[in-house]
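Please read the structure below before turning to the comments.
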Amino acid sequence: MGAMIVKEVYETAEKIKSMEIRGAGRIARAAAQALMIQAEKSKAKEPEELWNELKVASKILYNTRPTAVSLPNALRYVMHRVKAAYLGGADLETLRFTAINSAKEFIYNSEKAIERIGEIGAKRIEDGDIIMTHCHSKAAISVMKKAFEQGKNIKVIVTETRPKWQGKITAKELASYGIPVIYIVDSAARHYMKMTDKVVMGADSITANGAVINKIGTSLIALTAKEHRVWVMIAAETYKFHPATMLGQLVEIEMRDPTEVIPEEELRTWPKNIEVWNPAFDVTPPEYIDVIITERGIIPPYAAIDILKEEFGWALKYKEPWED
């Protein structure tokens with residue numbers, strides 16, 4: 001008999017895949033919550049049955065977005081603890097409690113991390129700063145919001161972030177806190193860099209050498225910031241650091257549907273020898289980044305390997321906890 005997976009797991013997976021749930025932190029918390037619901041609603045009669053359900057649920061969630069490492073790191077956080085309990089001979093209710101509690105713990109730590117990043121990062125923002133940001137990052141927003149709450153007179157330049165327009169979400173959120181916002185097209189980033197004091201952006205993944213994988217366009221903004229000698233600050237929780245890159249694995253860049261760029265009706269009328277490429281992310285080299293702000297403090301990009309060893313060193317010794 002196959003594992004009975006609750007509908008919330010499939011719904012969450014679909015929302016992550018379609019980008020209804022977007023942003024590395026929200027994706028991670030949604031994945032942890034889906035595992036929690038699976039454990040809560042499971043009709044399993046034996047520990048092995050629940051363990052198998054959680055493994056299948058993890059695989060369904062894992063296969064949704066290849067680039068956002070926050071997703072597998074959330075699954076690892078929960079499943080590593082559940083696996084230890086299962087192999088230790090836990091009974092059904094203990095196993096269920098371990099899954100639910102681990103998921104709640106991850107979600108709590110994730111939300112607290114954003115607050116802490118805001119507190120740490122705001123110390124690097126000065127009164128009168130004009131800040132440029134890209135896409136929609138809760139961690140990056142936390143830095144700007146905290147600085148504004150401290151009474152610093154800041155203004156934020158927000159790029160539209162084509163083709164999914166995440167910049168609109170960022171602009172409206174910052175404005176709701178009372179922060180003055182300038183909204184620009186992506187291609188105007190270099191034009192307005194000369195009036196920018198600092199760049200603050202988020203990350204989907206951070207590699208062992210300190211490179212940042214984030215929304216397409218991030219590397220161009222970081223490059224033009226370097227050209228103008230403008231500080232680039234990346235705000236990211238430690239669960240966005242990519243453990244597999246310690247072993248040389250390359251991060252897969254997700255290619256999304258062309259209809260996100262050109263509406264399907266219009267695309268049908270285009271000549272067949274035009275291809276529309278739509279990468280969701282790009283890679284910003286560590287030399288274009290000045291600091292990475294984490295909940296554990298501010299580090300230079302080359303110190304990313306130290307965070308990875310401390311946080312995920314155990315992951316190098318084992319296969320994924322949901323693998324057979």
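Cβ coordinates are placed from backbone N, Cα and C, and glycine is handled just like the others.
When Swiss-Prot records ARG22, GLY23, ALA24, GLY25, ARG65, SER137, LYS138, ALA139, ASN214, LYS215 as binding substrate, the matching candidate from LYS45, LYS112, LYS194, LYS240 it lists for that site is LYS240. Sequence-distant contacts of CYS135 (active site, proton acceptor), defined by Cβ-Cβ distance under 8 angstroms and a gap of at least six in the same chain, are THR159, THR161, GLN166, GLY167, THR170, MET201, GLY202, ASN214, LYS215, GLY217, THR218. For the binding-site residues ALA24, ARG65, LYS138, LYS240, a Cα-Cα cutoff of 10 angstroms around ASP204 (active site, proton donor) retains ALA24, LYS240. Around the Cβ of ARG65 (substrate binding site), the same chain contributes ILE16, LYS17, ILE27, LEU71, GLU254, each under 8 angstroms and 6 or more positions distant in sequence. The Cβ of LYS240 (substrate binding site) lies under 8 Å from the Cβ of ALA24, VAL69, SER70, ASN73, ALA203, ASP204, SER205, ILE206, each of these being in the same chain and 6 or more residues away along the sequence. Contacts of ARG22 (substrate binding site) defined by a Cβ separation under 8 A and a same-chain sequence distance of 6+ are given as HIS136, LYS164, GLN166, in order along the sequence.
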